[in-house]
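Right, one structure below, let's go through it.
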């Protein structure tokens, strides 16, 4: 390593006459620097700021004023924020289990390596490739009252009068259905990865003992999928509460309506910030959401014992 | 493989009725898969329908027309939006992969004080999702004078712990011997990175490049927030704003949607194996 080379680290090292060990240090820092600095400025710093911003009132034009807990107090008497929390909870409670079941069912369905299954897997995954803006627009057309494809189909079942996006009781369900349609391919793949890691010998042994399909599912597949299940539940919960996906869908499909029935917390927060210039208030609500998310994660961790589900 | 196991058991059992089960299941799966892609076929179909025909049930338009597509490209500055999106997505992908592979290499192969702490700190930003930090990020980017600029669209999107994490994992598994030869030849760290590590990670970089490009092509929330200048508009924002301008002109909106969705669907059709494989492995390992 004595020969001079053209690397910036080495040149720098030669100038300062560093030892080989220190040269490695310098090289390490230089290699990490662009990402470390960038991540700090565009992720770490905003995160820290988010926690403090809630204590200020911002007017959106650079003026700000310390307002203590005012934003936080306002939060709990704001009926629209409380409503948005309720909507978020309902969204999570409907979406997360549905995604878990649908994702796992699809994975089990197309698990066997055949040509047909490969094609079908790709078809299930295809919605993931399309942006949520487009997804939202397409489903809006499909769900148009009376003349859309879905109302026409449900009309055959005698449910023609349903207004999928216009009825406050149905709008969130519609959003959940579209979310599942969009996301199921992703979770199918995650489950496929998990299923791959289960040793085949277990199934062979179970079959020797005369275990049927559902017995194998219950006693082998599900227990051995615990780490995957934990990952799926965690990621889908976080995404449902604070992910960009839910925001995009709501922004285009329903704008939070009708009657705030689909106004998710992240959407309401965004509205407060960028439509009403209530940056401080939005930041306060966002930090509350982060706290809530951390509590949820912890709860999930405890409930599932860190991914070790107890089926026995 | 439960499925394989099952079909073998049912084949071993005598009744011929069970023989039909795989075929029926196969058919059911296919129907379900077709139902899954149906909304996208519907979008494609409306793209070529005229307004009167839009809500008919036929998938193949009776009188196919290119009018909707022509409208999108002539009445609206759609080529500009496509170019903006392409430029932003490509730049982010190239720069991000360069930085991430550098960081990943150092974090996996070099020893320096604080390395693990730096990795942990980077990794923890994984938990930070855009909607949660969008207000402070917006204020920060505005303070840096990047509002309504390509830089504002590009720079914040580059830094993402996901890529660093995956590349670091990849580099951890590269055998030491490969570098040792280079060290004996007197190569510096930059040389090792550039001529050995980078070429070695080509498949990984290719898979990540596809994922990054797709994610940035489909990005909506950040461009929506950071730009108001029409010249900087990206396709996702453009399509979303169509909705307000052309209420009920769903044929135009679907035509624009098809134009926006087609590149990613084509990328998927070409690279489906790599895309699905990289998502499968990034899930847990």
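Yeah, the Cβs are placed from backbone N, Cα and C, and that goes for glycine too.
As given in TrEMBL:
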| type | residues | note |
| --- | --- | --- |
| DOMAIN | B:82-271 | domain 'ABC transmembrane type-1' |
| TRANSMEM | B:20-44 | transmembrane segment |
| TRANSMEM | B:89-108 | transmembrane segment |
| TRANSMEM | B:120-144 | transmembrane segment |
| TRANSMEM | B:150-171 | transmembrane segment |
| TRANSMEM | B:192-215 | transmembrane segment |
| TRANSMEM | B:250-271 | transmembrane segment |
Query: Apart from its near flanks, which chain residues at least 6 from the ends of the transmembrane segment (B:150-171) lie with a Cβ under 8 angstroms of it?
result: 84, 87-88, 91-92, 95-97, 99-101, 103-105, 107-109, 119, 122-126, 137, 141, 197, 201, 204-205, 208, 212, 216, 219, 222-223, 226-227, 232, 234, 282, 285
- prompt: When each of B:89-108, B:192-215, B:250-271 is checked against the transmembrane segment (B:20-44) for Cβ pairs under 8 Å, which one has the most?
  reply: B:250-271
Task: Take a look at B:120-144, B:192-215, B:250-271 and tell me which one has the most Cβ pairs under 8 Å to the transmembrane segment (B:89-108).
output: B:192-215
Field: Residues from the same chain, set at least six apart from the ends of the transmembrane segment (B:250-271), whose C-beta lies under 8 A from its own
entry: 40, 43-44, 46-47, 49-51, 54, 68-69, 71-72, 76, 78, 82, 210, 213-214, 217-218, 235-236, 238-239, 242-243
